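Grabbed the feature section from TrEMBL, which reads as follows:
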| type | residues | note |
| --- | --- | --- |
| BINDING | S54, T55, R56, T57, Q81, R105, H132, P133, C134, Q135, C260, L261, R288 | carbamoyl phosphate binding site |
| BINDING | N163, D220, S224, M225 | L-ornithine binding site |
| DOMAIN | 4-145 | domain 'Aspartate/ornithine carbamoyltransferase carbamoyl-P binding' |
| DOMAIN | 152-298 | domain 'Aspartate/ornithine carbamoyltransferase Asp/Orn-binding' |
Amino acid sequence: MATRHFLTLLDLTPDELNYLIQRAITIKSNLKAQGPSYTPLPNRTLAMIFEKSSTRTRVSFETAMTHFGGHALFLSPRDTQLGRGEPIGDTARVLSEMVDAVMIRTFSHAGLEEFAAASSVPVINALTDDYHPCQLLADVMTWTELRGSVKDRTAVWIGDGNNMCHSWINAARQFDFNLRICCPKGYEPNANMMAVAGNRVTLTHDPQDAVKNVDLITTDVWASMGQEEEQAKREADFAGFQVTEAMLDQAKEDALFLHCLPAHRGEEISTTLLDDPRAVVWQEAGNRLHAQKALIEFLLLGKVN
Ligand code: CP
Ligand code: NVA
């Protein structure tokens with residue numbers, strides 16, 4: 001069987017993604033009941049290449065492999081030959097000889113694709129400039145845990161048309177929910193991605209209107225990793241796009257708020273938003289562990305039930 005990669009949510013079928021969400025919920029409940037006693041990957045190794053910073057992604061993947069009885073290797077360009085110019089494809093071929101899967105956080109999505117093309121073991125996208133699919137597994141899991149099936153529900157994305165926004169668009173396609181994207185002019189997501197998503201994904205520039213009657217509100221930082229020098233310009237351009245408790249009040253009564261974190265209080269969210277009970281970001285962050293366990297298990301062992 002050809003090696004399966006997880007570079008975007010489109011690499012798995014809707015059935016497979018729905019399986020992963022349910023499997024993640026089961027893995028979580030078994031962990032809570034029995035502790036980390038499920039060890040399906042003894043002595044297996046996940047290589048983790050981080051070309052950008054991380055807290056949640058590193059800790060969740062590393063903990064997942066520890067719980068599973070395996071091992072995770074943290075590799076940064078500073079300490080590997082990648083940082084000294086060894087070609088991506090050569091690195092992929094070498095790692096494929098030794099490890100069972102590779103997780104990469106990098107800048108260029110094309111670079112990730114180049115790595116995956118040369119890799120004979122599964123490659124997982126742990127964030128590129130264009131996508132963050134692992135985060136969406138945890139986000140859809142959280143939404144599902146708290147509110148049941150997400151099919152035909154409506155989420156709103158407020159802010160930058162960035163990597164997270166692109167993965168929300170793919171999630172809307174794959175999980176069949178409606179997505180309103182509300183961004184300042186000039187910060188729209190990729191137009192082709194919008195076009196192929198069809199009319200379940202819509203674009204607006206008015207945050208007050210966009211949040212009306214939605215089931216879920218989500219946002220992200222205004223300047224992503226690699227855009228630090230644009231911070232001041234973005235703060236000006238994103239004025240009016242801060243998510244506040246008053247905006248949540250315009251959504252459905254049982255609406256939820258998600259944020260991939262890290263958050264900048266006082267910028268994309270009000271200083272107190274994460275204290276609001278509708279904000280379920282700590283559960284969302286914790287679900288990175290369970291969702292990625294389901295993903296690793298699926299890529300290495302296939303469906304287990
Ligand atoms: N949400 C997320 O990916 O967090 P980290 O950057 O801390 O990994
Ligand atoms: N859009 C953010 C997400 C961080 C998890 C970034 O790329 O920096």
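Glycine residues also receive a Cβ, built from the backbone N, Cα and C atoms like all the rest.
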For ligand 2, which among the binding-site residues S54, N163, D220, C260 have a CB under 6 Å from it?
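N163, D220, C260, by Cβ distance under 6 Å.
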Measuring CA to CA, name the entry from the binding-site residues R56, Q81, R288 that ends up nearest S224 (L-ornithine binding site).
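That would be R56, the closest of R56, Q81, R288 to S224 (L-ornithine binding site).
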Please identify which of S54, N163 has the densest Cβ environment, defined as other Cβ atoms within 10 Å, among these binding-site residues.
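Result of the Cβ crowding comparison: N163.
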Just checking: which of the binding-site residues S54, Q81, C134, S224, R288 have a C-beta under 6 Å from ligand 1?
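Only S54 qualify.
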How far apart, in angstrom, are the most distant Cα atoms among the carbamoyl phosphate-binding residues S54, T55, R56, T57, Q81, R105, H132, P133, C134, Q135, C260, L261, R288?
31
Please report the Cα separation of H132 (carbamoyl phosphate binding site) and D220 (L-ornithine binding site) in Å, rounded to an integer.
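About 12 Å separate the Cα atoms of these two residues.
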Taking the Cβ of C260 (carbamoyl phosphate binding site) as the centre, how many other Cβ atoms fall within a 10 Å radius?
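Around the Cβ of C260 (carbamoyl phosphate binding site), 25 other Cβ atoms lie within 10 Å.
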Which one is it: of the binding-site residues R56, H132, R288, which Cβ has the fewest other Cβ atoms within 10 Å in this structure?
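Each of the binding-site residues R56, H132, R288 was scored; lowest Cβ tally within 10 Å is R56.
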